[in-house]
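Q: Quick one: the structure is below, questions incoming.
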Amino acid sequence: MSFYKKVTRGLATPLQGSINLFSGSPNVSGDEGTDADNENPEHRTTYHSLSGRVNHDDDDEDVAKLEDIVGFFTGLLNTTTVCAGLGSLNNLKKHYLDEFIKKSALNPLRPQNYGPETSSKLNNNSIEELLNNGDTSLEKVRKMSLYDFDEHTSDSEEEDSADKEEESIAENLKPGKSGKARNHPRDSRTTATLITTQITRTKTATTATPTPTPTSSVDTDVTDVTEPIGKVTTKIPEEQLQGLNPLQKSVVKNLDPHHVREGVLIKVKNSETPLKNDRQELLEKIQLRLKIADKLQRVFDLSDEDTFCGNYSAWLIKDVLLQGHVYLTKDALLYFAFLPKRFSLENSSEVLDEDNSSSIVYSGNLGLKSAKYGEVVLNTVLQHRYWAVLRAETLSIYSSSTNLYFPVLVIDIKKCLYTEIIDKEKLNREAISPVNRGTYSPNGGLSGTATPRASTLENTASELNSMLSGDSYSPTEDNVETTASTVWFKLVTKKKTYKFSCDSSFSARQWCNNITKLIFQHNNANSNGEVLIKIPISKIAEYNKRALFSEEEEEDRTLDVTMNDIPLNVTIKYLGDNDNERKRDKLKRKYKGEEPTIEEVHFLFPKSGVEFFETFDKLVNPVVSDNDNQSSKSSITSTNFSEKAISTLSKSPNHLVQTVLDFNKPVDDDISAFKKFGTTITSPTRIFKATITSPEMTSIDETSLRDSFDSDRLHLPRDMSERALKNLEVSFVTSLKKLEDASKRYEKPHMEHSQTNLASILSDPSEVKKESKTAISKSIKALYSVGTHWSATPNHYFELGKYYVNKVQDRDSSQRNFQSHFSTNSKLLASYYGHLLRTVPVYGKIYVSETDVCFRSLLPGVSTKMVLPMTDIEEVRASRGSRLTYHGLRLIVRGSEELDLEFGSSKSRDDFQKVVLSVLERLHSKEGFRPEPYQWGSNFEVELYKTRMEYSDSENREIQQYDNSIDIKFAEKKIEMARVRMFEDRLMAASGLDVPIILEDSPFFKTELRPSTSYNITLLTIGSRGDVQPYIALGKGLVKEGHNVTIATHAEFGDWIKTFGLGFKEIAGDPAELMSFMVTHNSMSVGFLKNAQQKFRSWISKLLTTSWEACQGSDILIESPSAMSGIHIAEALGIPYFRAFTMPWTRTRAYPHAFFVPEQKKGGSYNYLTHVLFENIFWKGISGQVNKWRVEELDLPKTNLYRLQQTRVPFLYNVSPAILPPSVDFPDWIKVTGYWFLDEGSGDYKPPEELVQFMKKASRDKKKIVYIGFGSIVVKDAKSLTKAVVSAVRRADVRCILNKGWSDRLDNKDKNEIEIELPPEIYNSGTIPHDWLFPRIDAAVHHGGSGTTGATMRAGIPTIIKPFFGDQFFYATRIEDLGAGIALKKLTAKTLGDALVKATHDLKIIDKAKRVSQQIKHEHGVLSAIESIYSELEYSRNLILIKDIHNQNYKRHHPVPSGVQTPAYDTDSDDYDDDEDDDESDKDDEEEEEENSYDGYDGNGVNNSPSQNSSN
C-alpha cells in the first residue's frame, strides 16, 4: 500500500471527530461508523439476481474509504479519482496533501528525493529516533503499519505497483526524470502518467525541462521494462539464442503470445491441454516465437537491430471495435488483428456442395420504396416488403424467401462507404432494458422468491432515471420507444444512397452493425483478412490516455490502479504515409509548404493499460526535443524520416469515434438554452455540414479533438463504471489454443505490406469511363445490337477451343464487368446471348462462371437478373424452342421448377450445355455418387429391390448418416454471433453508444462472449405428447449452453421429462380430455365457443393459477401461446418472454390461421382476416377470467387485446422453412428456426425382433413398407377406423407397420385389446422412435401433427395426411402444395388404398420428398432457436419494461383506497371483462400508436385514456 494511502487511511479514524466538528456535522464514533459503512450493502459491489443468486462479491479493502468522511478530506479528495478508481491525484490535490503532511509530525516519514540514485526505503533508525521522542502520532503510525519496514523490492505485481504509485505522487515536481530498471523506483511524468493530460511533443512553458538521458541508457530502460507486470517469463537457455539477430532474441525473450489476464469482463477458461514445462515444449515455444518474429519483420519491415519490448491485448476503435494485439518495439508500435472467417474473403474457386445458408451473414425482412411489376422494378411512394440476404460481399434483395434465384437488387459491399440509422433521436428515446435482474428489476423484487410487488413507483422511477443517462424528464411511456413505428437506415455507396426500413430499432441496429463490419473488412484488411498498423516512434506527434469509467461509484470499485485493471483509451497521432494519395495531390502539398497528413488511431486496453502506457512513454520521451514549442514542431514536420508508417486502414466517417468526440465537446450556454426547448431544433453545424460523397473521407477535426479531451476521462453518452460493466452479465471467455495450431497458422504464406490493398477494391479507369454514359445511350445501343448479339458466337475466357477470346484486355474487361454486374469474385468462364423464359421471354446475356450460371437483361426498363448456383443444378438437357428458329435448353434445378433458356443458334446452345456439364463434373468429382432408386425411371423396381437387399438385415444395416458437422459448425458460429449481438444491445443500453464488435480469430487463443450467469428458463406448454416433445429437445440444447431448464406441463409427462435431466413442474389439465374435445369440434364455430366456455371455465382458472406458481424463479419464459398465461406472468415477473409454436399464429397474408384453413385458397386478405378474427374470438372467451386473475393474483391492472401487444412478442416457429417459409410481412422478431427434433432412436435403441423379421420378409417379398399411425388422437369409432386401415393395406398390396394409438386412450374397454384380428400384412408395433423407423420405410400415413410431419420430411418419404383438428389441416395443405405428399379429406378403405399406391409409386412425389429432405438435413432447429433467443433477448426485455412503466403509472393515478376491501367477483359472470369499454378506446389507441405514443399517457405521466377512466 502506498505511503499517501496509508497516511489518509490511518488518520481517518482519529481525526474524524475533529473533521465532523469542522464541517458542522455531529460527531460519530469512528470505529462504529466505519464498520457500519462497510457493512452497508449500498456501499458494496455485491448484487443479486432476480433469482437470489450472488454474482460478484468484493472482499478487498475499500481504497476510497475516506470519501465517506465529510469535511476536510471530502474537500481535499472530492475529485481524487476521475472514474471509479481509474485516475490519479492532480497537482492541486497533491499540493494540499503535501502541505498537510509538512505541518504534521508525519513529514519525516515521507519518502524524500526519489530518483535513480536513491532508495525508496525508509530509514529504520530515523523512525526509532522519532519514536523515542515520545511522539504519540508516530506511535499511532507505527501501530497501523504506515510503512512496511521489512519489505524488500521484488518482482511481485503488488509491490511493484505500490512502488509506482508512491513515486508518482512523491515525484510530481520532477516530470522529466527517467526511471531505471523495473526493480528500482520510477518517476512519473506529469503530462502522461500522473495527471493523464495530453502528451505532446510541444512542451508548455510551465513544464519542467526533462533531465537529458544518454542514448545508451534508453536501451537499458527499454530492456528492463519490457517484461510486463505479472507475466511469468520463460527462461531461455543461451545456446538457443545463438545465431539470432537482436530482434529475434528480444522476441524469444519477451514475447508471450499465450498470455491472457482476467479483468472486469474477461474470464480465462482452463485449457484442456495445458502447456508442459519440458524441453520439447520449450523448443516448440522458441520455434513459434521465431516464426512470429519472422512474420513481424516481413510484414512490418522491421530492422534486424530493433528490439521487441512487449505485447498487449488491445482493441482498435474505428467504425467497429476490433479485438487485436499491440506489439511494442524500440522503433515502432505495431497493431495486428486476424479477422474471423465469417468476415474474411473466401477463395471463390473453392465451391462447397453444402447449403447456401453457410455463406449468409444475416437475413430478414426489409422495407424498400420500390415495387416490382412483372420484370420491371420502379420507385414508388409506398413502402414494399422484401426478403434481404446479407452475404460476405453482397446485400441481395428478393421478392420472397423462396425465390432466391432472381434478386430484385444486388448491392456490392465493396462499393459501400458506410451505413447509419437515419432517425437517431428515436434511438435516444429508446427504453433502456434492465440487464441486472437483481438491481434493476422492473418491479424491484426477486422473481425467484416472491411476487415482485413490494417496490413503490418512486423507487422504480429513480431506478429508471439512473438508467436514462441523467435526462431531466421522468420515465413515462412517451419517453420510451414502443417499437411501433418504422425505423429507417441508409446505406451509402460510391454512387447512390439506399434507404431501408425495419420494424424496430433493434433490427435496424443489427443490420447496420453487420453491414458496418463487412464494410470494415473490405476496406481495412489485406487479402489474408489481417488488419495491420505500424507507427514509427519517430513519427509520433501526440499521444494521450483517458480513463473509461465514471467516478460516480468510486466507493464501490474493486479495480486496483496498481494491478493494471484500468480500462484505458489511448489515442496516438502520427505523421502518415498515404500510399493511395495521388501524386498530383502530393506535389500540390509540397509546393504549398503544407504539413504532412496527421493520422490518428484509437486503442482500448481492457487490461495492462497503465503498464503499456508507461513502457510506451519511455520509448517516446527520449526522442522529444528540448527546444521550445515552435522549433520542436517545425523540426518534426520538416524532417524526412526513414521509417515508414504502414496501415491497412482506410479513411471513413468513423461514426463511433465522432460520436464520442461530439459528446465530449464543451457545451456553450447558448446551445444549452436551445436544448431546453426540445430536441427538434436543428443544430447549425448539422445544416452546413458537408456531405461525404467519395471514399476520400475527411478526417476528424484536430482542434475539436484537442478541445474535447482536456479532461483525463472519456465521457460517454451514459457514464460507464465497473458496476455497469458487471451488470451486463456477459463475459469474454478466453481459452488457449494448442501450440501446433498456432504454428500452422504462421506457416502459411503472408503478403507483404505493399500488397495490402486489394485489387478488387480498386476501380478500373475504363469501367469509370463506361459508367459515364447516360441511360438513354445505353438503351439505344442495346436495341441496336440485339440482332448482332443474337447471332453472335460464344465467348470463352479459358483456353478451351475456337471460342477463346485472345485479347487480354477484352478478357480482363469482361471479367470486371461480370463481377461488377453480379457483385461476385467468381471467375468468368463463358458468355452467351439468349432469352430467359419468364412470364414473357426476356432477352439478355448469359454468363457461366466457376460457381454460378447468371443472366442479365439487356432490354431497356427490364431489370431481370438471375444468379443460379451450380450446386443447385441437377440436370442440363436440350429441348425444343418456343419458335422455329430458336434452340431451347432446360435446367433442372434442385427443389424448384425447371428453368428454360433459348439461344439463337444450336452451336451456342450445345456449347453452353458442354461448359455447364464440365463444371458440374468437376464439382461432383469427389463425391461417391449413386442414383437413388426413384431416379432410375423404368428400372425403379429393380434398383429398389437391390437397395432393400443391401439393407435388409437391420441388425447389420447402417442407415447412411448425413455428415452434418459443417452445418453444426456454422450453426454454432451463428450462436456466437447472436451472443455478440446481445452484448452490443446491452452495451448500447449502458453506454449510449452503438458499438459493432468483432472478435479476433487469434491463432493463440479463442475468445467468445458468454452470459456470466446461468439463466433459469421455464418452458410452458399444454397439449399432447407431440406438443411437449419439441420443448424437451430445446431444453436439452439450452442445458448444453449452461442454463437451468424447467418444463411446466401436465403431470402425465413428468416422468418422461425427468429422464432427460430437465426440471419439471406440474400445471392443471388433462390432455386426453382436451384432445377429445378438439376432435369433436374440428373447426372454429359457435358451438365450439359455447361448449368450450361451459366445459373448460374451471380448468382455465386452475391453469392460470398453477402456471403462475410453476413460473416462480424464472429468468426467461418461453411459452406455447395455447397455454394462455405466459404473457401475463412475464409481465408480472418482469422477465423476457418468448412464444414458440408449431402452427401459424402471426398475422400474415401468406398463410391462414390453422383453425380457419379453407378448402381452397382465398388470397392474402382472407388469410390476414383469419388471424385477426381468431385473436379477438380467443381473447373474448378468456378475457374475463384472465383480468380477474391479473388483479387478484398478479397485482396487475386489467388489460385488453391492444395493450397486450401480442404481435410484438418475439416468436419462434419450430417448423422447417422448407415447410413454412418466412413471409415477407413477418416482423423482424418472428423466426422460423427449423424442427426441434428429439432423436430418441439414435442412441442404444434396439427394435423388437418381431419388427425386424417383419421388415426382412417384406424386402424378400419385394413389397413396399408403410407406416400408419395417428398418434394420440381420440376418435368415436375406433373399430371402424381399424377396419378401414386393414382394407386399404390389402387393396394397395403393401406391408404396414401399425401404431394403433387411437384406441389406447379414454376407451378403457378396448385399451388393451384389438378390435379385429390383424392380417399378416400388418404388424402392430406400438410406439417406435420416428428417427429410427422412417428412414427404413417407403411412405407414412399420419394425422399431420407438426412433429410427425417433420420426421417424415426429414426421412424423405412421401406422406399421406388425414387431419383431425387444429394445425393438422394446415400441414396437410402445405405438404400437398409442396408435392411431397397427399392430403385426405375423407378416410375410407378406397381413398386410403389409392393414396398408398400413389405415394409408393409416383416418382414425382418420391423425388420431391427427397429434395425437401435434403434441405431439412441442413437445418438445426434447436441451435437456430438458441441463436434467436440470444439475439432477441434485449428486445423482449425492452417490451417488458414498457409494460411495467404503464402499470406503474396506472397504479399511480388509480390508487386502491386504503381500508377498502377488494370486491369479490362472480367467476361465472362476464362483468369483470372490460373489453366493451376498452374497445371504445381502441381507435384512439391506434391513433396514439401512429404518433409513437403508448396507451394514453402524456409526457407527464398523466392518464388521458378514456378506457382506463371508464373501467374504474
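Even glycines carry a Cβ here, placed using N, Cα and C.
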Q: Which of N1016, N1044, N1299 does Swiss-Prot put in the same UDP-alpha-D-glucose site as S1024, R1025, D1027, I1328, H1330, H1343, S1346, G1347, T1348, D1367, Q1368?
A: N1299
Q: If you measure every Cα to Cα distance among S1024, R1025, D1027, N1299, I1328, H1330, H1343, S1346, G1347, T1348, D1367, Q1368, the residues said to bind UDP-alpha-D-glucose, what is the biggest one in Å?
A: 23
Q: Per DSSP, what is the residue tally for the domain 'GRAM 1' (296-331) in helix, strand and coil?
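A: Across the domain 'GRAM 1' (296-331), DSSP assigns the residues as follows: 5 helix, 19 strand, 12 coil.
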Q: From the DSSP assignment alone, can you count helix, strand and coil residues within the domain 'GRAM 2' (816-880)?
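A: Split into helix, strand and coil, the domain 'GRAM 2' (816-880) gives 10 helix, 38 strand, 17 coil.
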Q: Count the Cβ atoms, other than its own, that fall within 10 Å of the Cβ of D1027 (UDP-alpha-D-glucose binding site), considering every protein chain shown.
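A: There are 23 such Cβ atoms around D1027 (UDP-alpha-D-glucose binding site).
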Q: Same chain only, sequence gap of 6 or more: which residues have a CB within under 8 Å of the CB of D1367 (UDP-alpha-D-glucose binding site)?
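A: Listed in sequence order: T1142, M1143, P1144, A1154, G1344, G1345, S1346.
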Q: Which one is it: of the binding-site residues I1328, G1347, which Cβ has the fewest other Cβ atoms within 10 Å in this structure?
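A: Each of the binding-site residues I1328, G1347 was scored; lowest Cβ tally within 10 Å is I1328.
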Q: Within its own chain, what residues at least 6 apart in sequence put their Cβ under 8 Å from the Cβ of H1343 (UDP-alpha-D-glucose binding site), listed in sequence order?
A: F1270, G1271, I1273, I1361, K1362, P1363, F1364, Q1368
